[in-house]
Amino acid sequence: MTVKTLHGPAMVKYLLLSILGLAFLSEAAARKIPKVGHTFFQKPESCPPVPGGSMKLDIGIINENQRVSMSRNIESRSTSPWNYTVTWDPNRYPSEVVQAQCRNLGCINAQGKEDISMNSVPIQQETLVVRRKHQGCSVSFQLEKVLVTVGCTCVTPVIHHVQ
């Protein structure tokens, strides 16, 4: 698994690709998909072709020029800043999943210093990906829920009083 940092426009591209993946799930989840041109859909070359068991899928993004308005460097200006990393899995679509990681345990105060009387916590969103599974010459696809950390927020700590 490879990890790299990702910022603004790349994050938007990831989100758009995720939505695209969800759009074709009703077709792809019900079928075995042989070679379609994208390496995600390719079976081993030694496997015989499956007659009538294919579909064409254009994974290009429609209206890619429409940008989602995002504030610049929101991950650095937050009172609970975070970094973006990308995980790579060739048997998952999308193969790249962006995750946020909180930079601090505490929150950043008005003076720019960490305040440990507050807690920086991850904001998580459950999303669907497509998982490719090989069983001999058979390739199947299955929906998988993944928990993606999309940012961090500052909260008051939970204090338990011992009696």
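Glycine residues also receive a Cβ, built from the backbone N, Cα and C atoms like all the rest.
Features reported for this protein in Swiss-Prot:
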DISULFID  Cys102-Cys152  disulfide bond
DISULFID  Cys107-Cys154  disulfide bond
CARBOHYD  Asn83  N-linked glycosylation site
SIGNAL    1-30  signal peptide
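When the disulfide-bonded residues Cys152, Cys154 are compared by the number of other CB atoms within 10 angstroms of each CB, Cys154 has the fewest. Take the CB of the residue listed as 'N-linked glycosylation site' and look out to 10 A: across all protein chains shown you find 15 other CB atoms.
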